[in-house]
């Protein structure tokens, strides 16, 4: 699973060995207790921030000022959540984080659809309709997976401005499609390459053309890899910050950018409870995707980290 | 392209147009354009008055950049080292036929589902000097307890490292655990027969056998480190002072607010350099192993660039 996603060698990418390979445990020994102690302490480190976020978001400001970070709220209040969603201020606008949420939806939904459609076509063409040069372009694209964004961002700004796409919704969607393309193309290419070739040959003999084979045979078969791709892209685009700041413009500011603005531009007293409620709201969608998708998420994770 | 062995299907060419446009337009032309601009004195808008390496000379005299470079090494070294050690430890402990493995896995991995902005903001709150972790521990009676790395120029970067590790360790764990599970059961049997202690087996036998998984995790970490931007913006905005500046932040600042595109592009080109070196090294090894395998005469056109990580 781990390397299959990055290796350009075709692989099914779904080989997960479930059985632990370690030595068989004896009874409850000191070592066993040590193992569990280590895991539980680690789990606490990982869960602590989530706990802090949750309890802080339900506390009142006077209670927060007492400085008991980890305590369960004494007076339970939903006020911070309502404020975070609807009335928290960024600069002069006081509409909370909700506009950011809808902007993120407007960016993520078409972004996911467009990027995955193009990547599926790429993978299909690279697997079955190779032509001289197609592999070179793929090689360049793979190189792109490792290029720091900062190297291409400025020319891209100039280009988008020339095309009239800078700070527009189509503009940011195109940017997400571009930077999602290397890893998604690789995913689909490896997937299609792992299918039996007879399938394609039979369809060819029956006289099916390029698009027919794609839509009637390959697309329906690629559902498993498409699910991985959707998980990858939904979390990736939703969590994006850099492209949102640079390319989305004020009108389409995604949730992450707005969250950062709410937290960092507060004038006067900082309302930590409102900030934490807003933070949870911004993390809610990818977290929901994670908890619902479970194992699928793990499958996509090695691939997704390349995009990081 | 003089002699085509395979006839190009026009539909295939249409289907691949977005990819070709991206590969050539973004990952060739844009990169070249950036590099060219680094040799000009472009300020807010691009111009083509070439000034040689002057921007690079200036760059390496700019404290903000020097701090950025120092930070990326510090951040890279510590976060990758901790990620690998902590990740491998977690993987090994997860491999002990423990109960509730899925629950632990879910807990270790969920931070990765959160954005780095969220990660940065949460840890910034935890590290708040007045109301965060420090005050919570002090309220328990340890009145001298000190933990506020972000307020101090010397320690701020370590605060960022802690948050970064929290976000990414689960991924390393997942990759290394998959690698551990890929080690042949026979190896374990042989080790037991020879009476080698478990910890020694993990350290000296299975670890070297998992080179692929480690390289995968390492490459993912490296790419993440070079790109680190969101975390800094959310946690420290590069401060206090310029103590947590990073190259990625430096570039963005110079093409936007500071409007010094030439200098920004020189910095961006410097960011590309390590990636190029890594790819060149990998290409060299791929070429060497291909030459060794040439005897077989396999005409399989191995793909160049991304071959770096072959774990499976």
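Placed from the backbone N, Cα and C atoms, the Cβ positions cover glycine too.
Per TrEMBL, the listed range annotated as transmembrane segment is A:33-54 (candidates: A:33-54, A:55-76).
Check TrEMBL against the ranges A:84-106, A:107-129 and you find transmembrane segment recorded for A:107-129. Between the stretches A:255-273, A:274-292, TrEMBL puts its transmembrane segment entry on A:274-292.
If one looks beyond the transmembrane segment (A:274-292) by at least 6 residues along the same chain, the residues whose Cβ comes under 8 Å of a Cβ in the stretch are 52-54, 56-57, 80-81, 83-85, 88, 96-97, 100-101, 104, 231, 234-235, 238-239, 255-256, 259, 262-263, 266.
Listed stretches A:33-54, A:136-159, A:165-192, A:213-238 were compared with the transmembrane segment (A:107-129); the greatest number of C-beta pairs under 8 angstroms is found for A:165-192. Residues 69-70, 276, 279-280 of the same chain sit 6 or more residues outside the transmembrane segment (A:33-54) yet have a Cβ under 8 Å from a Cβ within it.
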